[in-house]
Amino acid sequence: MNYVGLGLIIVLSCLWLGSNASDTDDPLLVQLPQGKLRGRDNGSYYSYESIPYAEPPTGDLRFEAPEPYKQKWSDIFDATKTPVACLQWDQFTPGANKLVGEEDCLTVSVYKPKNSKRNSFPVVAHIHGGAFMFGAAWQNGHENVMREGKFILVKISYRLGPLGFVSTGDRDLPGNYGLKDQRLALKWIKQNIASFGGEPQNVLLVGHSAGGASVHLQMLREDFGQLARAAFSFSGNALDPWVIQKGARGRAFELGRNVGCESAEDSTSLKKCLKSKPASELVTAVRKFLIFSYVPFAPFSPVLEPSDAPDAIITQDPRDVIKSGKFGQVPWAVSYVTEDGGYNAALLLKERKSGIVIDDLNERWLELAPYLLFYRDTKTKKDMDDYSRKIKQEYIGNQRFDIESYSELQRLFTDILFKNSTQESLDLHRKYGKSPAYAYVYDNPAEKGIAQVLANRTDYDFGTVHGDDYFLIFENFVRDVEMRPDEQIISRNFINMLADFASSDNGSLKYGECDFKDNVGSEKFQLLAIYIDGCQNRQHVEFP
């Protein structure tokens, strides 16, 4: 026997087994079809950031449905880099130049708790908000949820503004590229999350504001149940008037004129010209659609696509889709806060040298209201004026627009932009849905939130504004104060709520000591009220 040869074989075998064992035992190394990636140890959790799920949406792939990422990694992929924002004209960037991000941005980031008691975790997939125009995956934090250690979190980046939503309403330039990005990311999660210790059968899709509306739109695909077990829309749903808008074709050609494509006569030539322009030029042109400040806040947003559009997300009015029953029949929850409209109204209290912005409404209400409240493309000029006068009289009466009447104006914004459409969505789901439909209203003002930032003032009590609940789950830069003791309890309750919802076998939902009541088949709305020191189930004929 050749003992030298046998010994060499044994040594090499041990080296091979040892190297593979170390890869297996190293939680920072993850094997994917593309190759291996290395994450970061953050003490209480592991992170794997900026993982591409789609080919870069640049060049010929701009204004196209995303293509799955195909590249193989010859070296270990570095998954320790903070995800870049998708290219945008950002409302919250100070100064005149608000251009932020990169066109090549389609990544997911995975965050996994350290928990020796579990071999696998349910998964919460997160779609960030930002009116479909701005925002980034990194802007919503993960320290709170990782501290609790209940689920794996996956943050999704998707195309925004004109790069994500410009549309001519035909198959040449159908739009909704950002929504198609989200859907491809969900497929990536389904196929790959087990490699990180996630449970692909227990995925909950969540989002806030435009993220919440995105969740609802994704759910309206009949096969959504193949991608997620449940869905949660915080302060945003498919029926909000700022979500699916009309007039997209006109804005697409206006964008073309603004960037030197004025000779384009049809969708094909417009698309070709827009593809030839620098991405930064297209996104910077957003400012030409704003009549003042960042109004309207969503000039480019989801549209109804033609039925022959490639990989169409939605081709019918969401109301008709829900009535048909042909949508993802999974448990769904929706929410609003008592002054959600503070996000949209607060900038009107910003002070200038010439006075407060709200003063302008006294002379320009008929001009500005259709942009502020998103009915400029749905009514004739006469009907717009009549409606503007009607809602002013209903909410403001004969008062002037000023700081004294601001609370009534904020209530108008809350009702029209959030609450009324939340009620309508829930009403449709309770009548035509087969899976549980839940709702909550939150009333517990934060010491600092989005309204104080936009108004640049702390001397006004805005109430419970857009994000005051959600930012207790996923931290946000607009809230730079410590949580109060009551908010710490609420934060834990929210996080436990999501963890349980992600893995619930029967679709039940619970917050703290309160079980949500299902709205499907109920004559009255079942609404869970969440406030500073508890929760309570309430029944309503109409939302309070």
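For all residues, glycine too, the Cβ spot is worked out from N, Cα and C.
When you go through ASN20, ASN456 in Swiss-Prot, the residue listed as N-linked glycosylation site is ASN456. When Cβ atoms from all protein chains are considered, those within 10 Å of CYS261 (disulfide bond) total 20, not counting its own.
The DSSP secondary structure for ASN420 (N-linked glycosylation site) is helix. Geometry remark: CYS273 (disulfide bond) versus CYS514 (disulfide bond), CA distance 56 Å. Around ASN420 (N-linked glycosylation site), a 10 Å sphere centred on its CB holds 17 further CB atoms from the protein chains shown.
Look at the Cβ of each of the recorded positions ASN42, SER209, ASN456, ASN506 and count the other Cβ atoms within 10 Å; the largest number goes with SER209. Under the DSSP three-state reduction, CYS514 (disulfide bond) is assigned to strand. The disulfide-bonded residues CYS105, CYS273, CYS514 differ in how many other CB atoms lie within 10 Å of their CB, and the one with the most is CYS105.
Recorded residues CYS535 (disulfide bond) and HIS466 (active site, charge relay system) have their alpha carbons 19 Å apart, per Cα-Cα distance.
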